[in-house]
């Protein structure tokens, strides 16, 4: 899963125009976990790719008319079946966090990597998603070691606006998988 110029080799690439450069010399030091489903509560289909590439049809679903104007992206999406889709290289600034603050530092997009899980706040995430998220996180930590101590949810950096990844996300399970994966690599 080694990155190639900021792209995961195993990921399906769907380049987003919604990104820019990080501030000078800024390296990612935070992982932000999100969730997304489009239309809300529905999985599969082309709509997440369309949102992150600015091509979502506002007439395809009533909810899309509310979000078609957004210019947003994440670095990656992990679908329910474990497929990884990457939209923005890790060394660039994806537009996933919005108005945000982590441990007193604002503008989390400047120093974070955003990974979306296809899901909702209240529906359990899949085994494949946890396995892939742990694998991607391990890869990120190898390149950006500060992430090991800085993994959080969108709800924690924008608590007045966001609730994802929600109570359905099992943080202890995720952290154990990251630790287990890291331990396996060292032995």
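Cβ atoms here come from the backbone N, Cα and C positions, even for glycine.
Site annotation (Swiss-Prot): Zn(2+) is bound by 34, 154, and the candidate from 20, 24, 49, 164 recorded at this site is 164. Counting every protein chain shown, the number of other Cβ atoms lying within 10 Å of the Cβ of residue 154 (Zn(2+) binding site) is 24. Fewest other C-beta atoms within 10 Å: among the recorded positions 116, 164, that description fits 164.
Non-local neighbourhood of residue 162 (site 'Transition state stabilizer'): 98, 154, 155, each in the same chain, at least six residues away, with C-beta under 8 Å from its C-beta. Listed in chain order, the residues near the Zn(2+) site other than 34, 154, 164 are 32, 33, 35, 36, 96, 116, 153, 155, 162, 163, 165, each with its Cβ within 8 Å of the site Cβ centroid.
In the shown protein chains, 21 other C-beta atoms lie within 10 A of the C-beta of residue 34 (Zn(2+) binding site).
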